[in-house]
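Visitor: From TrEMBL, here are the annotated features:
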COMPBIAS  86-98  compositional bias 'Polar residues'
COMPBIAS  101-110  compositional bias 'Basic and acidic residues'
DOMAIN    2-80  domain 'RRM'
REGION    79-113  region 'Disordered'
Amino acid sequence: MFHIVFPALPYTTTEEELEEHFSQFGGVSQVHLVVDKETKRSKGIAYIHFTVPDFAARALQESDNSIFQGRLLHVMPAIPRRSNNEENNVSKDQGTKTLKQRREEERKAAEASGDTRAWNSLFMRPDTIVENVARKYGVSKSDLLDREADDLAVRIALGETQVISETKNAFKKAGVNVEALEELAKGKVDGIKRSNHVILAKNLPYGATENELANMFGKFGSLDKIILPS
């Protein structure tokens, strides 16, 4: 792994600023800031190519959930681009596989690259955590992410710990086996049986309601229960 992607950067960030900041993890050979083809403005997404895989791994580990120019960073390994022949072969192969088979292959590929966060049932998006904490304490997100605050990183880390703890407790009270979810996120699947009538919906907007979820999923069949930690 040489490439990593940063999908939630400030729109004013420049390639020079990114290179200067992330060179602390090792040699950077290329920085590509994605821009809109029409407006030529940044989309807040950047790909950084490191000279050595270990540098990329270090940046991935130490940068995720850190603060950069007032934003919480979410960092992921970038998927290498395939040649046209490879794309055609993959498309033909994927067309013969079920959705479950494709998802399982994606999960294994993510684990092999060391990135299990997207499949971690209890992983939460940094922006969701910030919005949760801000609304709970009656402050604005900009105040919470004040770049001048000395304790910004500590404040966000404590907020994340609190939100995840509250979510775990809510799930436990509702009868959800949280320990099994955590083991599954670590790749320990031996002895864990997946439910055939319960699903986990992630990446919901902070303001999502039970009624909205009932309307969305109720069209697929009768719903017995919705657990939505608040």
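Just so it is clear, glycine is given a Cβ too, placed from its N, Cα and C backbone atoms.
Keep in mind that this is a model prediction, so the values were computed, not measured.
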Visitor: Can you tell me how the residues of the domain 'RRM' (2-80) break down into helix, strand and coil by DSSP?
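Guide: The domain 'RRM' (2-80) comes out at 22 helix, 27 strand, 30 coil.
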Visitor: Can you work out the mean pLDDT of the predicted model over the domain 'RRM' (2-80)?
Guide: 86
